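Worksheet for the structure shown next.
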Amino acid sequence: MSDYRITLLPGDGIGPEIMTVAVSVLKCVGEQLDVQFEYQDALIGGAAIDATGTPLPDETLAACKESDAVLLAAIGGYKWDTLPRHQRPETGLLGLRAGMELFANLRPAKILPQLIDASSLKREVIEGVDIMVVRELTGGIYFGQPKGIFATETGEKRGVNTMVYAEGEIDRIGRVAFETARKRGKRLCSVDKANVLEVSQLWRDRMIKLAEEYPDVELSHLYVDNAAMQLVRYPKQFDTIVTGNLFGDILSDEAAMLTGSIGMLPSASLGASGPGLFEPVHGSAPDIAGQDKANPIAQVLSAAMMLRYGLDQPEAADRIEQAVMHVLDAGYRTGDIMSDGMKAVGCRAMGEALVAAMQ
Ligand code: NAD
Ligand code: IPM
Ligand code: MN
């Protein structure tokens, strides 16, 4: 009898390589703590398109909804980039997030002391940085209507997307963000473009209103262009950031680079109830796929987030996070985080080092 049913979505590119590592780490921690995981693999993205013609087969969404948690690697690749939008890998991922109603995406960016020299920024700028980006995930310009490419009367085409947020959507992500900030440094920065966009004005008004319920959390606001600049100028000013879908997508990649590599950063996508989805912030890295070069740590830390936020197994999560610290202390580095004097390893060897560190 298993304790948890987990749907695995390896997806495309480096996805299967990093997923293999995450599963080996989960197996190890499961044996150590006597926790049973039962896995089912499902198709998403390009892999699903090739096998079934659609990026999110009904069976995949159903399997995900019925499991206790979903672990995703990454989707996408050159091969599918020219397909019509509804058939593209990215549409499958967006459909999964929407179908599971995962409106809150937590993307932590924490500087690990071992990797300070892997960042493109100066040590004194990034030392001690610990940021949580709370990204709204099922609304905004990604999903707003109308959307499409429409022919006008003159025959000229117009591409249209619409940035929409209803008060209820803002409030629910706002509450997640205030609660998150409350458990951290009690400072929340809401990022918007309220100087130009009405949708952002409503966003800001609601955040100010919500702040009345969280007097212990200090709320501030930044316009997104300034926020992008402040993130590299003085990232230590940030504790928790809350923002919409598109701004969150961009700022979380930027925050990832503070830590040295996007190959390090996990994420958790959560709804009001039901299973969560856990995936790295990075994509399928088609440029290094199949070459045993990928850094599996973002995937492994996503598995740790799954244990912590999805399955309430904090001890198992701690063990995995400690193993990551241990291999970094021991000097193991994939190419993306390599620096002088360290031991260069591929994806597989990093996985073996992680499992060895746990034992
Ligand atoms: P990407 O994150 O896949 O890659 C950006 C750069 O970072 C590349 O140079 C890549 O080699 C490197 N990189 C990423 N992950 C790495 C890792 N674990 N180890 C070492 N290096 C790593 O972004 P992209 O190139 O813009 O997109 C590639 C494909 O991935 C596209 O089809 C895109 O739509 C998709 N994508 C998917 C997700 C997802 O599944 N959640 C996220 C972002 C992009
Ligand atoms: C991410 C990705 C996705 C997004 C794409 C692949 C749909 O960039 O998870 O950050 O834009 O949300
Ligand atoms: Mn992204």
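Every residue, even glycine, has its Cβ placed from backbone N, Cα and C.
Note: TrEMBL annotation is automatic and uncurated.
Model, not experiment: these values are computed from the prediction.
What TrEMBL says about this one:
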type    : residues                      : note
DOMAIN  : 5-354                         : domain 'Isopropylmalate dehydrogenase-like'
BINDING : 77-90, 283-295                : NAD(+) binding site
BINDING : Arg97, Arg107, Arg135, Asp225 : substrate binding site
SITE    : Tyr142                        : site 'Important for catalysis'
SITE    : Lys193                        : site 'Important for catalysis'
BINDING : Asp225, Asp249, Asp253        : Mg(2+) binding site
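Annotation for Lys293 (NAD(+) binding site): spatial neighbours Thr334, Gly335, Gly346, Cys347, criterion Cβ-Cβ under 8 Å with sequence separation of six or more. Using Cα positions, the member of the recorded positions Gly77, Pro89, Tyr142, Asp225 nearest to Asp249 (Mg(2+) binding site) is identified as Tyr142. On the backbone, the CA of Arg135 (substrate binding site) and the CA of Asp253 (Mg(2+) binding site) stand 12 Å apart. Here is what falls inside 10 Å of the CA of Lys193 (site 'Important for catalysis') among the binding-site residues Gly77, Arg107, Asp225: Asp225. The two recorded residues, Ala285 (NAD(+) binding site) and Asp225 (substrate binding site), have Cα atoms 27 Å apart.
The Cβ of Gly77 has fewer other Cβ atoms within 10 Å than any other of the binding-site residues Gly77, Pro89. In this structure, Arg107 (substrate binding site) is part of a beta strand by DSSP. A separation of roughly 33 Å, to the nearest angstrom, links the Cα atoms of Asp225 (substrate binding site) and Ala289 (NAD(+) binding site).
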